[in-house]
Amino acid sequence: MLVTGKELLLDAQKKGYAVGAFNINNMEIIQAIIEAAEETNSPVILQASQGGIKYAGIEYISALGKLAARNAKVPVALHLDHGTDFDQVMLCIRHGFSSVMIDGSRFPLEENILYTKKVIEVAKAVGVSVEAELGKIGGTEDHITVDEKDATFTDPQEALRFVNETDVDFLAIAVGTAHGVYKGEPKLDFDRIKTIRETISVPLVLHGSSGVSEEALKKAISLGISKINIDTDLRIAFAEGVKNFIKDNPANIDPRKILTPAKEQMKAKIKEKMEIFGSVNKA
Ligand code: G3H
Ligand code: 13P
Ligand code: ZN
Ligand code: NA
């Protein structure tokens, strides 16, 4: 069934697990995520980035996402990942997304607050939940690259002010993760997660979570992370599946045969993450 992100994350927060939010770009990826969620009885978030929407088209991605969510045996939210402008967020709300992210992290605090508030006013009126971001997460998304040196960790007191003034439903924090593949071992600022958790009460979101060790993810969840975003690890699984199939079956030209092992490999990776997140049997 299709539910809001807020509903899923409040349950996760209460019970001390995290909901996986996996990036969607096409039908096979959506199927891999939904099958993994149903087979593990996990709640899950399907999230489309602006790049994903550009690739598939808003009509296709929203139709596929809503259909998958409505037919699923587990609760599913359809979420916009890193919405960077008001119109894009409105487009997603109009197309039935149950949850949206407005990412004003590139702005100074005051502007980020105003920017986020504008979306929240509309989204709340129509029952759509809102994620915002405070602090700058490193790496590249939607072709915007934040260098390691420009990544700034979330300040707990700023987070308090941000949440009080915006009334946001859940907050993405910058605590040492980065989007994409890590060059070295990522170092998470666990004390910061703990302090932010003690300072604000909304569910917290960890972006850039591919490549973060199982141990670090579990620790982050135990300290109060309730939503974990994964894209890169799924891309790796998908690409491996395609490459291995083509290597072993160079004469095969059937897209269905080529994409099936990719989908299966992705599904296995998603199930692995769900075990780590503790979302298994929480649907
Ligand atoms: O946060 C970034 C996600 O990995 C989406 O990446 O903008 O290339 O779709 P994308
Ligand atoms: P990764 O690609 O590093 O998993 O990050 C995903 C993400 O944060 C999507 O918003
Ligand atoms: Zn992200
Ligand atoms: Na990452």
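Every residue gets a Cβ built from N, Cα and C, even glycine.
Annotations in TrEMBL come from automatic prediction, not curation.
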Residue in Gly176, Gly180, Gly184 which TrEMBL records at the dihydroxyacetone phosphate site where Gly208, Ser209, Ser210, Asn229, Ile230, Asp231, Thr232 also bind: Gly180
Candidate sharing the Zn(2+) 1 site with His179, His207 (per TrEMBL), from His79, His82: His82
Alpha-carbon distance [Asp231 (dihydroxyacetone phosphate binding site); His207 (Zn(2+) 1 binding site)] in Å: 9
For Ile230 (dihydroxyacetone phosphate binding site): DSSP state (helix, strand, coil): strand
Proximal residue to His82 (Zn(2+) 1 binding site) among binding-site residues Asp103, Glu133, Gly208, Thr232 (C-alpha distance): Asp103
